[in-house]
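Following: one structure in structure tokens, then a few remarks.
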Amino acid sequence: MLRKLMRKKTANIQLLDERIDAVKKRQIPLHVAIIMDGNGRWAKQRKMPRIAGHHEGMKTVRQITNFANELGVKTLTLYAFSTENWKRPKIEIDFLMNLPGEFLNTYLPELMEKGIKVEMIGNMDALPGHTRKAITKAIEITKDNKGLILNFAMNYGSRLELVHVMKQLAQEVTDGTLQTDDIDENLINSRLMTAHLPEPDLLIRTSGEVRLSNFMLWQLAYAEFIFTDVLWPDFNEESLLQAIEEFQHRDRRFGSLEGDQKG
């Protein structure tokens, strides 16, 4: 019985390795964005406090970051805390504000070893001092790394981001330093928090919810969307591999009919 189980496990590993090799030979999404959802439900199913789900989700962040880096993904943006999340209970918010420090302090040596670069989008000024300190430290220490960019969306809201850009452009028009005819998509792109990053190719949302929740509304215009019922703490390497396999079999047209042989 034990030998049979071992043979089955070995066969599964070999199959997974073959799938990984096949995926690497096709187009890898350069920028993957993930709405990490389902931590609370994961904990509730196990009769555990919500914060236990968030802590388990932190382990998933490590696993998925390392695997994305291995596959050749260049940027991984994780929706960690939205501007709307401040409405949650204080005890949960306090725990969530401690997670970046715990994650980065624990795994920073590993991130350095793998050449992973930490970045953040969102309003850092509103975060607690210890949270800002942990994120700023990681950004500074990893700034010269050449591997995957691990980009945390922390205290981020896409509508506020766009409002800020619009106000900025309106003020420049008022000051006479910008003409309205000069405002186009490229200019707006250049003022976003993600200006230095490629637009996401693939958005994944876990937990079965089918909505964007105020996440990268402008940047996701031409991304492929994949919604999975898997809760974030259960999202693993095979889950990401399956999402990328699905992405690779889609026909991305960017609004045109190019590639449509049927006309």
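A Cβ is built for glycine as well, from the same backbone N, Cα and C atoms used for every other residue.
Quick look at what TrEMBL lists:
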type	residues	note
BINDING	D37, E224	Mg(2+) binding site
ACT_SITE	D37	active site
BINDING	38-42, R50, H54, 82-84, W86, R88, R205, 211-213	substrate binding site
ACT_SITE	N85	active site, proton acceptor
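The DSSP secondary structure for T83 (substrate binding site) is helix. Cα of R205 (substrate binding site) to Cα of D37 (Mg(2+) binding site): a span of 7 Å.
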